[in-house]
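Engineer: Straight from TrEMBL, here's the annotation block:
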REGION    1-35  region 'Disordered'
COMPBIAS  13-35  compositional bias 'Basic and acidic residues'
DOMAIN    72-208  domain 'tRNA/rRNA methyltransferase SpoU type'
Amino acid sequence: MVLSDQPGPTEWGESRHGVGPWEVEHPDQPADDPRFDPELLAEGDRRNVVDAYRYWRREAIVSDIDTRRHELHIAIENFEHDANIGTVVRTANAFAVDTVHIVGRKRWNRRGAMVTDRYQHLMHHPSTAELMQWAREENIVVVAIDNTPGSVPLETAELPKRCLLLFGQEGPGVSEDASDLAAMTCSIAQFGSTRSINVGVAAGIAMHAWIRQHADLSKAW
Ligand SMILES: C[S@@+](CC[C@H](N)C(=O)[O-])C[C@H]1O[C@@H](n2cnc3c(N)ncnc32)[C@H](O)[C@@H]1O
């Protein structure tokens, strides 16, 4: 499939609530694409997926995204059940991040993910030290994201292409282990009174900073 041949960018266009059964939507066309899911063809497709993936099986969607995933990994520390992880996963999916790494507790609150985790590679690491070791073995540079003293402004930092951006939790921020072992820590410039911004928002800003530096925009929807 050639991506640029696809119709609209997202499901938020005209067909906000998805599409009905294939024979209602496309009465004159055969539904003979092997990527199609018979159940979705029969009942319609109301999932949170771009229009190009309507009626596709989940595995077919994941395989297609796999052909253009970025060398960007995301990690979030989850020692206290951070409710923002779902938001981070959803944004990581939007930017075709390679893998989202959950550090600490294995269980995380999926609500904000809006089911996007089904199309995203996820990996669990019991501790930050184990995540760091994994990154070393994979030759991936870890950049912690937090507004701690001595951090480098994200706005002017050159992010490595093969990169893992690591985020902390709402209360404590990035753990000491993480900031000690990361190649650098980058902060997002703030100008108001709040000590920090929401980690889901910070993750979106940092991922987009990487996208601006390294992504091939001709491959975006
Ligand atoms: C709500 S913050 C809490 C920690 C913060 N260091 C503090 O002093 O309150 C949770 C996480 O969001 C991210 N974050 C929030 N604001 C940020 C900023 N201005 N720059 C970089 N990261 C930020 C970091 O990953 C941080 O660990």
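Just so it is clear, glycine is given a Cβ too, placed from its N, Cα and C backbone atoms.
Annotations in TrEMBL come from automatic prediction, not curation.
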Engineer: Can you give me the average pLDDT across the domain 'tRNA/rRNA methyltransferase SpoU type' (72-208), rounded to a whole number?
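Structural biologist: Mean pLDDT across the domain 'tRNA/rRNA methyltransferase SpoU type' (72-208) comes out at 95.
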Engineer: Where DSSP helix means H, G or I and strand means E or B, what are the helix, strand and coil counts for the compositional bias 'Basic and acidic residues' (13-35)?
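Structural biologist: Summed by class, the stretch gives 4 helix, 1 strand, 18 coil.
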